[in-house]
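J.: I grabbed these lines from TrEMBL:
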type	residues	note
ACT_SITE	ASP122	active site, 4-aspartylphosphate intermediate
BINDING	ASP122, THR124, ASP537, ASP541	Mg(2+) binding site
BINDING	ASP122, LYS123, THR124, GLU223, PHE265, LYS288, ARG319, THR399, GLY400, ASP401, ARG510, LYS516, ASN540, ASP541	ATP binding site
DOMAIN	563-815	domain 'P-type ATPase C-terminal'
SIGNAL	1-18	signal peptide
TRANSMEM	57-76	transmembrane segment
TRANSMEM	627-647	transmembrane segment
TRANSMEM	677-699	transmembrane segment
TRANSMEM	711-733	transmembrane segment
TRANSMEM	745-769	transmembrane segment
TRANSMEM	775-800	transmembrane segment
Amino acid sequence: MNAFLVVYLCILISKALVNTVLKYVWQSNPNRDEPWYNQKTESERQRNTFLKAFTDFLAFMVLFNYIIPVSMYVTVEMQKFLGSYFITWDEEMFDDELGEGALVNTSDLNEELGQVEYVFTDKTGTLTENNMQFIECCIDGHVYVPHAICNGQIMPGTTGIDMIDSSPVEEGMESEELFFRALCLCHTVQVKEEETIDGIKKGLQQCSKSSSSSVYISSSPDEVALVEGMKRLGFTYLRLKDSYMEIQNREDSIERFELMEVLSFDSVRRRMSVIVRSHTGDYYLFCKGADSSIFPRVIKGKVEQVRARVEHNAVEGLRTLCVAYKMLKKDEYESVCRQLNSAKLALHDREKKLAEAYDEIEQDLILLGATAVEDRLQEKAADTIESLHKAGMKVWVLTGDKMETAAATCYASRLFHRNTQILELTTKRTEEQSLHDVLFELSRTVHQHSGSLSRDSISGLSQDMQDYGLIIDGATLSSVMKPTEDGSSGNYKEIFLEICRNCSAVLCCRMAPLQKAQIVKLIKASKEHPITLAIGDGANDVSMILEAHVGIGIMGKEGRQAARNSDYAIPKFKHLKKMLLVHGHYYYIRIAELVQYFFYKNVCFIFPQFLYQFFCGFSQQPLYDTAYLTLYNISFTSLPILLYSLIEQHVGMDILKKDPYLYMDISKNCLLRWRTFIYWTFLGVFDALVFFFGAYFLFDNTTLTSNGQMFGNWTFGTLVFTVLVFTVTLKLALDTHYWTWINHFVIWGSLLFYVVFSLLWGGIIWPFLNYQRMYYVFMQMLSSGPAWLGIILLITVSLLPDVVKKVICRQLWPTTAEKIQRIRADKRVFIHKDDSLLEGRHSTSEA
């Protein structure tokens, strides 16, 4: 839009310059004096020629400045502000469970919702429900499930792999109880006591009652699921009071542990730890976290058996965590305390020193086992992703989860299909080959089928094209993003981008929050400069949401940081489909039509003024009255286009939701390209020529009035202005597809307001005016039959080319939307004929 404005600014300057030059060329003839109405005083004649020329140039700039649509910016801002309420009011985007609908935090990006090319989404809480269910735990190769309880004894599951014994030995029993205690102690869960109906709290005096009345609360749903899972397995976390954590074991006895230190979880370490002291005075460090962060720190334990179970559960799509511990001697604990206190009291680089302290403390661990938690896919998440793919968008999943878990979710959500060829760019593969070799091998693979993502207008991906999907982990991404000192062959960003361009979907696993933002920034800065959208539900997604062009927050269970930092907030991932395919589609078309229409009607408005200067000696004489100049963009033509840009629907909502391919019709900013801009500009110039010269040749006829009187220059300008107002308003009426009573009221009301205003403006002698040049002008024009016929004829001639062009294009080069409309119309006609035929047969049989 700004580029178009620069063009019109150049046109304005050119017009003013041309008129200034022609004025002095015309007046340079010594035999031609100024017109009598433009006589100069003697002092004006003696002024410096350059100064006079500059003054005339500025006067022409003021006369033609209406070609710059200043009012368009006001209308655009009003359209964005008022249009954003349609998202908020959308009942289909209201969630009964949350009791909330969509929110709009900024209205400046409405049209970009219709131009999205890349969608970056989090997994947990965005694609999934973030409602964790504890499934099983693996301890020393034995699998335990919550429902496998017999007479209060936990039985090892029969589906375990690599089980050492059919039942745990005494050492295994110790590991089992230590594992359960670790999960009951290593967390940040708070216990809320349920209240009875009369508001009296159920106390914790009786352990049996406390276990049934407590409600667990945490910022992490995983921790709640694990603590509830331990409760079902016989170990109940009761509360934290005065730095003491209380748990209830299988024998219903209370165990108290003093909480000494908490090494909080962060997304870089991917683990958390606690240091506790038992009633016997022993110090324990319990640690839980991702397998990639726990296994390298383990020095003892049945790693291979646990690793096998973790990989098995990850393939099944379950979220896994590993649990380890180590015992600390008193002097070791005191050393740890000094180390942590020194880091906490540091004035500089405190977080870095804390991270280094945590890393040093969490070493030499003994592996206890692993857990598996299920997080189900959200309702209609798979349908939404499939629709986004059909709409031409590339969907990337950025998650901190394990690769196997994330991949299983991607298959379930139809991000990957069974025929998708998966390309892996992971640490495991780069250990076998160099990063350079892996990248070039993947590049050769995707280029074997050039244009693998070429789409036709209806069917999306061609059937004979190979569909590729890429999986990359955080560690490999860091290597790809890290440039070499010479910036040459070691800089793999471009190769990585080229691979991604040929993949329909990308999964980035084991990602830190800053890496998510780096990915978005990398795509934004690529040579295509695509419009990006990021969607997430937690604090870890904020950096990604802020980096993308459009940020959308899910009102999830991990707080409202994402929703507060986003441009838009929606209750569920499924609502993204309507936000992009319907609201985004409408917003883009409406704003594009608004911008082009404003340029068009201003060209129609000011070009006759330019032509008029050739007939008035370039004297800066305005063609229109001052009131018309002032009210043209404010009152006569602004309200219809504002309403059009708010409620126009060129295609029904149901069609847009059922046919995502229509989104590609407006992609790549196709409605605001130079070709469209030039068409609207030339259409405005053509209409202006029709207005001016049509009225000019009409005025050449001396029989316009019944008494033979001639119309004056103000009547000429009023006639041109009348044709102008009716033409640009009816042009908008012809472009309107979705008619309501409001459209009729505003469009016809605007024309009626112009007529009434002109009658009052020219029918009354206004005492506050120093001139009465418009008195009786409008009535005199309407009293002429030829003037009426001329107005109708000029309006028809002005609108005819655009109508013919639309008919020809619809028949020869229809858009996808027009094709679908035609198909649906044919189906309705066929069904109607079929029903009529059945009715005829029925009536015949009755006869």
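Glycine residues also receive a Cβ, built from the backbone N, Cα and C atoms like all the rest.
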J.: With the Mg(2+) site defined by ASP122, THR124, ASP537, ASP541, which remaining residues of that chain have Cβ atoms positioned within 8 Å of the Cβ centroid?
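T.: The answer, listed by sequence position, is THR121, LYS123, GLY125, THR126, ASN130, THR399, GLY536, GLY538, ASN540, ILE554, GLY556, GLU558, ALA562.
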J.: Record lists ASP122, LYS123, THR124, GLU223, PHE265, LYS288, ARG319, THR399, GLY400, ASP401, ARG510, LYS516, ASN540, ASP541 as binding ATP; longest Cα-Cα distance in Å?
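T.: In whole numbers, the farthest two Cα atoms are 24 Å apart.
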J.: Cβ-Cβ under 8 Å from ASP122 (active site, 4-aspartylphosphate intermediate), same chain, 6 or more residues apart: which ones?
T.: VAL397, LEU398, THR399, LYS516, ILE535, GLY536, ASP537, GLY538, ASN540, ASP541, MET544
J.: Do me a favour and check the Cα-Cα span between ARG319 (ATP binding site) and THR124 (Mg(2+) binding site); whole Å is fine.
T.: 10
J.: Cα within 10 Å of THR124 (Mg(2+) binding site): which of the binding-site residues PHE265, GLY400, ARG510 qualify?
T.: GLY400
J.: Could you give the mean pLDDT over the domain 'P-type ATPase C-terminal' (563-815), rounded to a whole number?
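T.: Across the residues of the domain 'P-type ATPase C-terminal' (563-815) the model's pLDDT averages 89 on the 0 to 100 scale.
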J.: Let me check the 10 A CB neighbour count of PHE265 (ATP binding site). How many other CB atoms are there?
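T.: Summing over all protein chains shown, PHE265 (ATP binding site) has 20 other Cβ atoms within 10 Å.
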J.: Look up ASP541 (Mg(2+) binding site) in the DSSP assignment and report helix, strand or coil.
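T.: The three-state answer is helix.
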J.: State the three-class DSSP label for ARG319 (ATP binding site), counting H, G and I as helix, E and B as strand, and everything else as coil.
T.: strand
J.: Note down the number of other Cβ atoms within 10 Å of the Cβ of ARG510 (ATP binding site), including every protein chain shown.
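T.: The answer is 23 other Cβ atoms.
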J.: Give me the count of other Cβ atoms within 10 A of the Cβ belonging to GLY400 (ATP binding site).
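T.: Other Cβ atoms within 10 Å of GLY400 (ATP binding site): 21.
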